[in-house]
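All remarks here apply to the structure that follows.
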């Protein structure tokens, strides 16, 4: 903990005294008359009293009182407190931009050290993550090379704030431009910013520092390296990042403890062992031989494994009873999945993510294709011969949908979802940050810390693609790709085709089962089923278990895909994407059950054009970094169970489906504008969900090329970044505010 922590956090928050009280006192204490001014300046007790008023006003951001006091000459803004924090310090701590700017323009010294740690206003602003204040101070001559009594500089304090955006700012505007501020700056204990970030468990900061070239091998006075600190902090992603960067497992600290000893003592042994396993090491830190030298071979093996599983299930269904075949199939599936996780996944690269899961591999696309191939095999060998004479058209439709399924699947796997190209040059990144700061929009909603570029509206960073995806909807493991602006319509065509294809297969299966019933008409024991009450299904399970098992598997997928299509069509009708629906659900849930009002910052809603206008600067501690989080540990046991259950539902997509059904039948009105008043500030709600359903359908199904024939606009997706939104053509790669509807002017985002 730094020396700044000596001051209690309550002392740096907004005081409980109302601004009106301070203003009233100031109006009596500070007068424009020369007599009163002389009286105040001549009386030491009165001067101290006015200084107290000045400090309280600086804390509260009461610019009027601050101006009155300063212009009266009652205080010296560079000597307004002795051995304590000045008005400028308090304004910087509490993120009072207008007050800080006024004091700096009046000649306040930004490099004055104050407080028990001898920190400057820049140090305090960085400590509390106040980006706009830091930018203001640097523009008014604050020296970023200064250190406090503990040897901490702006780089340490920005990391200590846990504000990744401030770390980005300092790296690109201070470290890059000043040779005296090093990314591996050391405090009096020889701790670098990377050691601090690892100890705090800030994986975003650690990743950024490593990307910027921070030294992993550096140790502090206690002999702790970055991996030691990460094991104390207990964040697995940080541990994984440092292992990937070559951290030494066996290096010992001053207490002769290596990483294994430290993990044992800190209770992070399991996290450390999992991280080692994720990156191809055994529990002792020895590099394990990889089963595949090339990651492409590992991916191909994962893709083929479902085919082997399907062949196995088919073969055992021919020789074993249905119950035993199901049990063995489940057992082999579990063994296969665990084998892939243990031996094959470690062979894959960790691009854009700290560990690889099976859903981010070709496994599910292989499962889809193997199911499709098995389905075609059963149709060719069994269903077609029995049904071609009676159901010719159904078989023709099945053949056509089979062809379309293959074509659409291959196109989707290779399609571009709408990834934005990144300009990672230093000049481009600095210009983007500077532009966002001037607009008052340098926040996580408008800036992507993974790609270091401005985020267009409705875009989202994809760890799978490693890029921002325009109008991002979701990642689909079945097509091994993201779904976004350029392939969303193609994905819906694919899903509808697959759904109808499965329907035809199930229909032909039932016809096949009925037609083969005559074989067992005289053998009653074969028609006895303990679970199946339907005679057709019962006889089908006894006569042809392999076809019956495939029928059940297809039926399950038919139900699941049908529910997904209901959600997709509902979202298309409302003009929103899956992440946007989740945002609205989360917003509604928090307001209803946890009594949280969504944070509203005037910096995002003001029509002013820049941060120079003091009225649009966020006033309040860390106003630029406030986020809403829910701690499960802090909830009542009943609410904790509900939160865990809700998380599981979200992962399975059940929440999404339930909300859709409730909206359709009118039980809830999340998307109809009938919500508490505090939600109406949401631009997402005010624009997207209030568009007419016909407009939303047109936006999705027709591309923006109005010169093309209607059928072509419907069936073809645009290869460019342009599409319709609210009936207006927009460029989704540069969409930074929603287009205004006719007769309406919307606030910029």
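Cβ atoms here come from the backbone N, Cα and C positions, even for glycine.
For residue 476 (active site, S-palmitoyl cysteine intermediate), the count of additional Cβ atoms within 10 Å of its Cβ stands at 22 [all protein chains shown]. If you look up Swiss-Prot, you'll see 476 marked as active site, S-palmitoyl cysteine intermediate.
Helix, strand and coil residue tallies for the domain 'DHHC' (446-496), in that order: 9 helix, 16 strand, 26 coil [DSSP]. Marked as domain 'DHHC' by Swiss-Prot: 446-496.
The repeat 'ANK 1' annotation in Swiss-Prot covers 49-79.
Here Swiss-Prot flags 83-112 as repeat 'ANK 2'.
Summarising the annotation, Swiss-Prot assigns repeat 'ANK 3' to 117-146.
Annotated repeat 'ANK 4' per Swiss-Prot: 150-183, in sequence order. Cβ atoms under 8 Å from those of the repeat 'ANK 4' (150-183) belong to residues 2-3, 117, 119, 122-123, 126-131, 134-135, 138, 144, 189, 191-193, 196-197, 200, 202, 204-205, 208-209, 212-214, 426, 429-430, 433, 437, 442-444, 447, 449, 452, 622, 624-625 of the same chain, restricted to positions at least 6 beyond its ends.
Look at Swiss-Prot and you will find 189-218 tagged as repeat 'ANK 5'. Mean predicted confidence for the repeat 'ANK 5' (189-218): the pLDDT average there is 94.
Long-range neighbours of the repeat 'ANK 6' (222-251) within the same chain, counting only residues 6 or more positions beyond its ends whose Cβ lies under 8 Å from a Cβ of the stretch, are 189, 194-203, 206-207, 210, 216, 257-260, 262-263, 266-268, 271-272, 274-276, 278-279, 281, 285, 350, 354-355. What Swiss-Prot records for 222-251 is repeat 'ANK 6'.
Positions annotated as topological domain 'Cytoplasmic' by Swiss-Prot: 1-306 (among others).
The topological domain 'Cytoplasmic' annotation in Swiss-Prot covers 349-360 (among others).
If you look up Swiss-Prot, you'll see 382-392 (among others) marked as topological domain 'Extracellular', on the strength of sequence analysis. Across the topological domain 'Extracellular' (382-392), DSSP classifies residues as 7 helix, 0 strand, 4 coil.
Feature annotation from Swiss-Prot assigns topological domain 'Cytoplasmic' to 414-489 (among others).
The topological domain 'Extracellular' annotation in Swiss-Prot covers 511-546 (among others).
Positions annotated as topological domain 'Cytoplasmic' by Swiss-Prot, on the basis of sequence analysis: 568-749 (among others).
Annotation source Swiss-Prot lists transmembrane segment at 307-327 (among others).
Here Swiss-Prot flags 328-348 (among others) as transmembrane segment, drawing on sequence analysis.
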